[in-house]
Every structure is written in structure tokens, then in C-alpha cells.
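**Student:** I'd like to ask you about the structure that follows.
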Amino acid sequence: MEFFKDLKSDPIGKVASLQDERAIWIIMVVAMSGLVIVAHSLFQNYVYMAPCEQCVYIRFSMLVMALGGVIAAINPKNIILKIIGYVLGFYGAIIGMMYCIKLNSIHHAVHSEDPFGVQGCSAEPSFPFGLPLDMWAPDWFKPTGDCGYDNPIVPDDVSLSWLQQWFVDFYSEGWYLIPSLKFMNMAQACFIAYAVAFILLFAMFICWILKLKRA
């Protein structure tokens, strides 16, 4: 109750004060790294959904945001560390949305049988700054699937548990937020996650700047 009372009386000051605490930055770290871990450990390794080129780029951008949160959380009151956190956070969110838009267009082309729309999907990724992440951590960053096709492909020699079989059947038509309705594919869901993160970061950043001007 005290939080909402302070937010109502001085919204700019309250939002600005949040970023001086580690909690908000740790939330960003947990959220973004958590999504990557779920994508890798659950969907890739457990349900056998092979990641495509754009998928591993999305993982990269999420980890960039997580890194920004880690750096800012070291000392949130340190201006330099906070600026680095913001730069990495905004950068990760922006390129992440761009990757999502690209993946969504490929997904649409694949499922509409438009051969001219299926472009931008390679087995040899090119990460920003020339980082050879696919060589450093191939299980995490080497694309082994085709863009737009994210349905499970179970190896012939694998025996599935009943829970694995349930997941495989559940996502047999590909990853959707609501598979039975084919509602919101993975690219669209990730875009929303990035957009929400960007809006929150932007609001925090503006409130911080306004607070500095008050001082």
C-alpha cells in the first residue's frame, strides 16, 4: 500500500527511485535469462524444437539485456553502471524486436506458401560484433532448425516419457501461445515481451532524467 501511495503522490520520483535499487534490475536479469533457459532446456532439449537462425539471434538479444541488468545491479546508484545497463537494455530490446519482425515475416511466408518471403534464414549465423557464439556455445547458439518451422522433430532412436509426448503433441503444429487456435506465434510473443521491457525501461529512464533535472 505504501508503494502505491508514494506512486500516486510522486510518480516520477517513485519510478526514479526504483532504479536505484537492485530489485528492478534483477527482475530484468531473471526474466530475460529465464526465457533463454526455457527456450533451450525445455523447448530445444526436452521437446526437440530445433532453433533457427533468427531464434538464436533472439537468445543473444535477451542475454544482452540480462547482461545490462547484471551490470546495473552491481551498484544501481553508480551513474556509469546505470548508463551501461540502460544502453545494453535498450540495444537488446531494439534488435530483439527487429529479429522478431524478421522471424514473423518468414513464419507468415512459410505458412502462406509464399516462396519469395522465405529469406534471411541461414545455418551459419552472423552475430553482432562478429561474436562466434555458435562456436563458443553451439548447443545454445548454433541454428539447427528452419525459420518458420518450429514443430518438434523427435529423433527416431529417442523414447519419450509421457510428459514429453504430451508436449510434443501439444506443439505438433508449432509453437503458439494457444496452439489449438494457432494464436500468437513465438516471434509475436517475444516481440510483445521486448516491447513491454522497452516501455518499462523508457519510463524508468525518462523519470531518472527528470529527477536529475529537479536536483
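Quick reminder: no glycine exception, Cβ is built from N, Cα and C everywhere.
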**Student:** Determine, on the basis of Swiss-Prot, the cysteine among Cys55, Cys100 paired with Cys52 in a disulphide.
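**Tutor:** Between Cys52 and one of Cys55, Cys100, Swiss-Prot records a disulfide, namely with Cys55.
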**Student:** Which one is it, Cys121, Cys190, that Swiss-Prot ties to Cys147 with a disulfide?
**Tutor:** Cys121
**Student:** State the Cα to Cα distance, in Å, between Cys55 (disulfide bond) and Cys121 (disulfide bond), rounded to an integer.
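**Tutor:** With the alpha carbons as reference points, the distance is 10 Å.
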**Student:** Give residue numbers and ranges for long-range contacts of the transmembrane segment (23-43): same chain, 6 or more residues beyond its ends, CB-CB under 8 A.
**Tutor:** 49, 51, 55, 59, 62-63, 65-66, 68-70, 72-73, 76, 85, 89, 92, 139-140, 171, 175, 190, 193, 197, 204
**Student:** Expressed to the nearest Å, what is the distance separating Cys52 (disulfide bond) and Cys121 (disulfide bond) at their Cα atoms?
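**Tutor:** Rounded to the nearest whole number, the Cα-Cα distance is 7 Å.
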